[in-house]
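In what follows, a single structure is set out as structure tokens and then discussed.
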């Protein structure tokens with residue numbers, strides 16, 4: 001699990017870095033401008049690292065399923081080669097996902113207003129600015145992002161339901177440990193995928209609510225991931241309690 005958490009944290013760092021610095025700069029400036037080249041770069045990198053995060057979450061779900069449902073075979077199934085293969089597949093999946101959206105967008109003619117109704121360059125706001133019929137392209141975006149997110153979300157939730165079904169026969173301590181581990185994963189999955197599905201599962205239209213929902217999977221969820229996984233980790237909770245108790249005991253010591 002820690003192997004995938006390391007790379008999930010790394011992808012979170014790069015993912016938020018594609019959006020947050022520009023957003024902070026725009027909030028502090030009166031004139032908010034981005035060049036066409038930087039806009040296309042932001043579109044590609046945002047979906048690239050976002051796609052990596054999606055597939056890493058899928059790999060983590062598989063890792064938890066094997067660890068809880070097949071614990072005796074875990075060391076054989078999830079060996080170093082398998083973990084590296086899942087990581088490489090996540091990077092390849094993110095690249096193909098981002099490349100598809102990038103190729104769809106870079107060939108569009110932009111001859112009308114150049115004001116993007118969003119805080120970063122995303123595919124739907126750019127399709128809205130195109131001087132051509134983007135109806136068919138909207139369905140390609142749904143297939144590339146909306147349906148992909150929906151299918152992966154259903155697969156992830158099904159895997160966690162299978163885990164819950166299998167832990168019924170375990171002892172109370174094992175059930176508590178499994179539920180504690182999976183609850184953090186399910187929380188991250190719901191917070192990440194629900195806004196993604198809301199934004200990309202419909203035709204090429206932009207709504208005022210899109211900016212709020214996009215904040216969840218571009219900034220809020222990557223920011224909360226370390227906190228969610230840390231507070232659900234028993235070793236980390238015990239370490240925090242130990243530090244807290246030591247500080248309280250140190251404050252109660254009488255002054256000499």
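All residue numbers here begin at 1 and follow the chain in the order shown.
Glycine too: its Cβ is placed from the backbone N, Cα and C atoms.
In TrEMBL, annotation is done automatically, which means it is predicted and not curated.
The feature transmembrane segment, as given by TrEMBL for the ranges 59-84, 85-110, sits at 85-110.
Feature transmembrane segment, per TrEMBL, maps to range 213-231 of the set 213-231, 232-250. Residues of the same chain lying 6 or more positions beyond the ends of the transmembrane segment (213-231) and with a Cβ under 8 Å from any Cβ of it are 5, 8-9, 12-13, 15-16, 19-20, 23, 46, 50, 53, 118-120, 122, 184, 187-188, 191-196, 198-199, 237.
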